[in-house]
Amino acid sequence: MFLPAQPIYPVAGIREIEARAMPGAKPSLMERAGRAAAEDAVRLIMDRPGPILVACGPGNNGGDGFVLARHFRQAGREVVAAFADDAARFPADAATAYANYRNSGGDTVSSLPAAPADGWALVIDALFGIGLTRPLEGRYAQWVDSLSRVPSPRLAIDMPSGLDTDSGRVLGTCFRATHTTTFIALKPGLLTLDGPDHAGEISVQRLDVDAAGWLQPLGRAVRPSLFAHRLQPRRRNSHKGSYGDAAILGGAPGMCGAALLAARAALWLGSGRVFAGLLDDAAPRVDVAHPELMLRAASALPEQLSALAVGPGLGQSDSAHGLLSAAITRDLALVLDADALNLLAADPALQAAVTARSAPTVLTPHPSEAARLLGCDTATVQNDRLAAALALSGRLRAHTVLKGCGSIVACPDGRWFINDSGHPGMASAGMGDVLTGLITALLAQGWDAECALLAATHLHGCAADRLARDGIGPVGLSAGELIGAARSLFNGWLTEAARNGF
Ligand SMILES: NC(=O)C1=CN([C@@H]2O[C@H](COP(=O)(O)OP(=O)(O)OC[C@H]3O[C@@H](n4cnc5c(N)ncnc54)[C@H](O)[C@@H]3O)[C@@H](O)[C@H]2O)[C@@H](O)CC1
Ligand SMILES: [K+]
């Protein structure tokens, strides 16, 4: 069964949901949060004797830590609570949690104690959650760094302290959790940029709050349930013309491989026919490993196509510019990748032409390409990947995938998705070309841009994950190897969808 695509909210959304769900809630949300975190913590210490260290901060995240500490005390487990701020300045809920902890006989220490001889059973970071507003420094930076070095399991409450909730940026330094218990819903920062390196395994504790019931989410984590309705079995009475003509335009001298990788991916994800238009006059006439592909001169692609990708190995020559310009005016689903994006960034007239298109456009930038398109630097894109992807989709009226750790899929209407499949072994040449081929194949088969982009992006990462489980990667995974795994997984999804009656 396909898992639901969980909602994701930035801080403002979580605050709004809290404000609506909190009044009169019994037990209070903080009581629920502390208890839920304690339940996750119990699972981490099943076979681990010894004391638990909880580091509590000056806000409500610290309050959650005191609720959790009280539960462990009451269960007879040794807890050391480190708290170095002024309890008189706690917000109301945290003040109650602190008082209850003290009333249960709990004490605090004002500096991080040395680890006991047999180590901590677990260390818990309840320093800062969604209320982090500036970089960690001084004492809290030291605490976070030394807690991150503890070899025990390390649990972050709501957010790893130091991680910006909306962007996944590390502010100063950041707790490196092995596990994170996050409340109410997922947050973007857990899933993109530096989030996955710091959050570890994520458990979402909803606290009996129906987040989507209070606030319609704009963001979701990518799961096949989002496009399951597209995973239809093929009709027996069909032929290659039923599954579209896909084409890849690129392959300038020295870069034919990029176009061939994209074309191979389009072939193995089910396009009826696949053409590759290659700019290199000396390009091979046949792909010997895949003679099914129809290799043509770049200017000789058929008039009738179902979907066209421009970019893999395209280069930035005048002829590349001319071909791109002509492609943009074609009334078909269009994927723009690599140098097509760089040419677009340098030419406002091309951008206007993209914006004027009525057929779907998909953009697949990595952060530097996105920066060129937005006229900013790469750091600005990375500092707020979500905003960058949405800005591109809005400006160019296109669906965008901003690649990188936690790829962001943005729609022109302001909805967005974060993909959590894949691993750093995918940081190798040709991976983007394969993604482009996968997207193009689905567009050629009649999928809408949103579903094609979501499915291809998720599939791309899932294929890499499956290969890594079999020892093919993460290190040394090559883009070509991904294509067969993607095909096999996609067929598995089709079987699953049929079994579940989609
Ligand atoms: N509001 C609620 O009812 C609930 C809140 N919950 C918890 O409360 C958290 C949010 O609480 P808060 O809004 O109090 O925020 P935090 O507890 O995350 O932190 C806010 C406090 O940290 C200070 N601060 C921010 N950045 C700092 C830095 N770099 N160095 C030093 N101090 C810094 C702020 O001035 C403020 O005192 C959530 O993440 C969650 O853990 C949960 O208990 C669920 C219910
Ligand atoms: K925390």
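Each residue, glycine too, has its Cβ placed from N, Cα and C.
According to TrEMBL, the domain 'YjeF N-terminal' annotation covers 14-215.
Taking Cβ-Cβ distances under 8 Å and a sequence separation of 6 or more, the neighbours of N60 ((6S)-NADPHX binding site) in its chain are M30, P91, D93, A94, G129, G131. Classification of N60 ((6S)-NADPHX binding site) by DSSP places it within a helix. According to TrEMBL, the feature (6S)-NADPHX binding site maps to 60-64, 129-135, Y140, D158, A258, G313, H366, D433.
Sequence annotations record features per position, and here TrEMBL assigns K(+) binding site to N61, D125, S161. Neighbour list (N61 (K(+) binding site), Cβ cut-off 8 Å, at least 6 residues apart, same chain): A126, L127, F128, G129, I130, G131, I157, D158, M159, S161.
Model confidence over the domain 'YjeF C-terminal' (223-493) stands at 98, taken as the mean pLDDT rounded to a whole number. Marked as domain 'YjeF C-terminal' by TrEMBL: 223-493.
The feature AMP binding site is assigned by TrEMBL to K403, G404, C405, G406, S407, G432. Neighbour density for G404 (AMP binding site): within 10 A of its CB lie 17 other CB atoms from the protein chains shown. Taken residue by residue with DSSP, G404 (AMP binding site) is part of neither helix nor strand, so it is coil.
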C-alpha spacing of Y140 ((6S)-NADPHX binding site) relative to C405 (AMP binding site), in angstrom: 27
Per-residue Cβ crowding (10 Å cut-off), top of binding-site residues G63, G406, G432: G63
Fewest Cβ neighbours within 10 Å, where candidates are the binding-site residues I130, S161: I130
Y140 ((6S)-NADPHX binding site) versus binding-site residues D125, G404, G406, G432 - nearest by Cα: D125
Nearest of the binding-site residues (G63, T133, K403, G404, G432) to D125 (K(+) binding site) - Cα to Cα: G63
